[in-house]
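Enquirer: Pasting in a structure now, in structure tokens, and then I'll have a few things to ask.
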């Protein structure tokens, strides 16, 4: 019995016999990499191959096989997240929302999360560029500090045992690679310690070298207490502070995170120990190791794969940028008179703070959607999907209205156009170029791209309809005109020309243009809802996602989510609140930049204000492209562009009804031509459903050409 391919899309479905048959016949597979799933794209078989699906099944079933995408997920939550990635209007998220089983991770990833307490059989040479970098950045002065602390401990006499420990640790931290620090048991008596000193090595046949012996204390009781007190008061705080500085610096550099782990473990596990329980050995020596726990064993100071490192599911870059948000908020609201820093610094900090907040908002949305039903996921995506951009736009319009400055409205229009052009040209083009480096040719679902393209054509036409209407019926007004030929009937050269919509007390604008704007603002969200109903309900086979029956080893355990629904909701609300504060600071300190900068305000809006909030989405698109999943890379850009025209602009128009601002849905000619040309070019490139790095290069080059046009364009009128 052949199932209907247009089933309900509220949850993942299992592939039928026909699904598996079609997949086996066509034998085309694309790996989704770290997601732990497989994407099967059937292709037309050759004449000598096994009979095709169409020869054995009906055309309807064959059509479903052609557009079918079969995924193998690790658990139900990941399956729901993967399914949401292919749903129109849902945020595409590359990272896992659940903890992956340890046995299924690659050896490279396992090394990232391992503690520095494992002795390897053969680690190779320790003379590497990363280790030399550690020596130049940290090793020499950290070793010198240990020598100074050792001298101070010897001077106090009571701290002599700790002075000996610091002397040995000075040599260790100068070059810790290929060495091990062990925690050994304390002898029960001084005689036992002396006996242990006289023991011979089983292999070398001689006494154990002195610097490998456990340290023996002369005396117990009060001597021990006094020595420890001197160490905790004079030695330990200095070294802990130094290791803390090394830990923070190495963590921020990301590739040196092993050094951060080394310093953290030294502070927490080595320095608090009594000296006689610390043993330092060279791994290259052939003596029999003493019984004891391995505390530190480091081979490499740098690892380039630490960009994959995550803390509780949060990427390390987002973790490192989180303190920047706190610094921005404190500096922005405490130093209001700009005594400490200027407006340019505060604007830059506020803009950079938007990037990690966008990441947290995206992960919170993906986590909630993956753990909820379709209705809740759709509401969360529709409500918070564009919150980053809308927050900045609304705060800028409010500030412009209070100051009576039209420049803010023009900057918002430039940012809207820049987001549209960037997501149509730059995002898919960059993903094609980077993905094309690894894959010679990439294919994508042309039918799903066609739906997004149709919505883009509709949205661009609707957004710019009031602009075209005003140019047809508006009155052209120029600020200054000069007669070029000195003839009254000759040619005139005019500057600062624009179409006046307020002629005759604004009859044209209030009677014709404004009703058209309101009509378009109602029709565009309605078209967006129709597109959602079309792709998610009546024509789900376009984005047909099936969850395979097979389960990979180790995936039988229940899913352990990084963020529960309540935790994700709290993070989403807090991130949105911080986003509002950062947007307020950005708009508060952008005025001097717009006034004093020699760069066109068009260029500032199209580049900085438009693309910085989209950086997390660009990174997701690149990751999908590298895993040969260009369909999601294209959908990321298309969905953002569609939401700009069909959701964000109508919301801004609705906002102006309740809070009058200078924002009108009339754009400059440059915005109109750039947007329309970008959409036409994108549809031409995506026509055949396959692409390579050359087509991506064309899109990126066209985007940079448009940026050059905006860079050399004069500032808009009113700025």
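Each Cβ is built from the backbone N, Cα and C atoms, and glycine gets one as well.
Unlike curated records, TrEMBL annotations are generated automatically.
As annotated in TrEMBL:
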type	residues	note
DOMAIN	129-179	domain 'Inner membrane component'
DOMAIN	345-465	domain 'Sodium/calcium exchanger membrane region'
DOMAIN	568-710	domain 'Sodium/calcium exchanger membrane region'
TRANSMEM	132-158	transmembrane segment
TRANSMEM	229-259	transmembrane segment
TRANSMEM	314-334	transmembrane segment
TRANSMEM	340-362	transmembrane segment
TRANSMEM	415-437	transmembrane segment
TRANSMEM	449-469	transmembrane segment
TRANSMEM	516-536	transmembrane segment
TRANSMEM	568-587	transmembrane segment
TRANSMEM	599-619	transmembrane segment
TRANSMEM	640-659	transmembrane segment
TRANSMEM	665-686	transmembrane segment
TRANSMEM	693-713	transmembrane segment
Enquirer: Please indicate, using numbers and ranges, the residues of the same chain that are 6 or more beyond the transmembrane segment (229-259) and have a C-beta under 8 Å from a C-beta there.
Expert: 112, 116, 130, 133-134, 137-138, 142, 145-146, 149, 152-153, 156, 158-159, 162, 166, 266-267, 271-272, 298, 300-304, 306-307, 309, 316-317, 320
Enquirer: Looking only at residues six or more beyond either end of the transmembrane segment (640-659), which have a C-beta under 8 A from one in the stretch?
Expert: 89, 382, 385-386, 389-390, 393-394, 397-398, 401, 412, 416, 419-420, 423-424, 427, 452, 455-456, 459-460, 462-463, 517-518, 520-522, 524-525, 527-528, 531, 614, 617, 665
Enquirer: Do at least three CB pairs under 8 A connect the transmembrane segment (415-437) and the transmembrane segment (599-619), leaving out pairs fewer than 6 apart in sequence?
Expert: yes
Enquirer: Short question: most Cβ pairs under 8 Å with the transmembrane segment (516-536), which of 415-437, 449-469, 568-587?
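Expert: The stretch with the most contacts is 449-469.
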Enquirer: From the DSSP assignment alone, can you count helix, strand and coil residues within the domain 'Inner membrane component' (129-179)?
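Expert: Here the numbers are 43 helix, 2 strand, 6 coil.
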Enquirer: Quick test of the contact rule: Cβ under 8 Å, at least six residues beyond the ends. What residues does that give for the transmembrane segment (449-469)?
Expert: 88, 420, 424, 512-513, 516-517, 520, 523-524, 527-528, 531, 534-535, 542, 631, 634-635, 638-639, 641-642, 644-646, 649, 664-667, 672, 675-676, 679, 682-683, 686, 689
Enquirer: Going by DSSP assignments with H, G and I as helix and E and B as strand, what are the residue counts for the domain 'Sodium/calcium exchanger membrane region' (568-710)?
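Expert: Per DSSP, the residues of the domain 'Sodium/calcium exchanger membrane region' (568-710) fall into 116 helix, 2 strand, 25 coil.
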Enquirer: Please work out the helix, strand and coil residue numbers for the domain 'Sodium/calcium exchanger membrane region' (345-465) from the DSSP assignment.
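Expert: Once the DSSP states are binned, the domain 'Sodium/calcium exchanger membrane region' (345-465) shows 105 helix, 2 strand, 14 coil.
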